[in-house]
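Data block below; observations after.
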Amino acid sequence: MEGLEENGSVQVGELLPCKICGRTFFPVALKKHGPICQKTATKKRKTFDSSRQRAEGTDIPTVKPLKPRPEPPKKPSNWRRKHEEFIATIRAAKGLGQVLKEGGKLPPPPPPSYDPDYIQCPYCQRRFNENAADRHINFCKEQAARISNKGKFSTDTKGKSTSRTQYKPPALKKFNSPGTTSSGSSRLPQPSGTSKTVVGAPSGKVSSVSSSSGNKLQTLSPSHKGIPAPHVGTNIKPRNSTPPSLARNPASGVLTSKRKTYSDSYMARPDGDYISSFNGGNTKGIEGNSAGHLPKFCHECGTKYPVEWAKFCCECGVRRMVL
């Protein structure tokens, strides 16, 4: 350069490239540039932190630089195993399509493939990535503990319910009245020969309800209240006995006078109840409470009832019978 300044003219010559950075210099300048370029190439330059420069002269404290995290080691790729599984699935799909076209027995499905890099959960047997497995296993552990506790509570409640249902009340003591020797003080109805006749049963069918007049007399007697009962005669008639005028004979021709019997002996009400009168007394009954069987066809005109709960015939208007 001194020679250039002295002469006052620019020397034109060949430019030589630098071996390190590749730039071209004159031979005189290249001798000075060579050691400087080599030193800067080997020396690592610190990264410039602009946040520190901006924080200078303010109250903001300088933040410590974060240390770079070491990169995790790369896992070896299992590309060969994945390739073989892919080929196996394609072959299985082709074989299934061929069997469906030709017809025949279906081949067994290919075995499931598992990624060896995944971690299996010991509670639900599912597989997850490392990061997901750390979160899932703790959650699944809590869920399994809750389910086991619920099972314990359910067994405890079952035991309590069984103990409640198996409870039996203490047996009542029976006290015999002083006037009787048998255990007649029980209030439960006992079977007897008397029966209650249901009025209006067709074709002489009579539905009898067992009742005991002796029990009713005994409950109304003074001996039921702890007072000695007087001598009861044997010729006492039961209160609910059937009058002889209402007793029907199956051999009599009742089938010809069904409509007349229903119209004379029953008084229908709009709510579906009926009143049967005999000997000056009224007896109320409900068809829903009767244990009889309802016919499917009308006994007057033979028309089939459209619904099971019909009370009257839709053609002739006659009330439905109770068998």
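Here the Cβ of each residue, glycine as well, is placed from N, Cα and C on the backbone.
If you check Swiss-Prot, you get these features:
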type	residues	note
BINDING	Cys18, Cys21, His33, Cys37	Zn(2+) 1 binding site
BINDING	Cys121, Cys124, His136, Cys140	Zn(2+) 2 binding site
COMPBIAS	177-197	compositional bias 'Polar residues'
MOD_RES	Ser221	phosphoserine
MOD_RES	Thr242	phosphothreonine
MOD_RES	Ser290	phosphoserine
REGION	42-81	region 'Disordered'
REGION	149-258	region 'Disordered'
ZN_FING	14-43	zinc finger
ZN_FING	117-146	zinc finger
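For His33 (Zn(2+) 1 binding site), the count of additional Cβ atoms within 10 Å of its Cβ stands at 16 [all protein chains shown]. Within the zinc finger (117-146), the DSSP-based counts of helix, strand and coil residues read 17 helix, 4 strand, 9 coil. Within the same chain, the residues at least 6 positions away from Cys124 (Zn(2+) 2 binding site) whose Cβ sits under 8 Å from its Cβ are Cys140, listed in sequence order.
Counting only same-chain residues six or more apart in sequence, the Cβ atoms lying under 8 angstroms from the Cβ of Cys121 (Zn(2+) 2 binding site) belong to Arg127, Phe128, Ala133, His136, Ile137, Cys140. Annotation for Cys18 (Zn(2+) 1 binding site): spatial neighbours Thr24, Phe25, Leu30, His33, Gly34, Cys37, criterion Cβ-Cβ under 8 Å with sequence separation of six or more. The Cβ centroid of Cys18, Cys21, His33, Cys37 marks the Zn(2+) 1 site; residues of that chain outside this set whose Cβ lies within 8 Å of it are Lys19, Ile20, Gly22, Arg23, Phe25, Leu30, Gly34, Ile36, Gln38, given in sequence order.
Annotated Zn(2+) 2 site Cys121, Cys124, His136, Cys140; additional same-chain residues within 8 Å of its Cβ mean position, judged by their own Cβ, are Pro122, Tyr123, Arg126, Phe128, Ala133, Ile137, Phe139, Lys141.
Each residue of the region 'Disordered' (42-81) gets a DSSP state, and the totals for helix, strand and coil are 10 helix, 0 strand, 30 coil.
Sequence-distant neighbours of Cys21 (Zn(2+) 1 binding site) (same chain, 6+ residues apart, CB-CB distance under 8 A): Cys37, Ala41. Neighbours of His136 (Zn(2+) 2 binding site), defined as other CB atoms within 10 A of its CB across all chains, total 17. Summed and averaged per residue, pLDDT over the zinc finger (14-43) gives 91.
In the three-state DSSP scheme, Cys18 (Zn(2+) 1 binding site) falls into the coil class.
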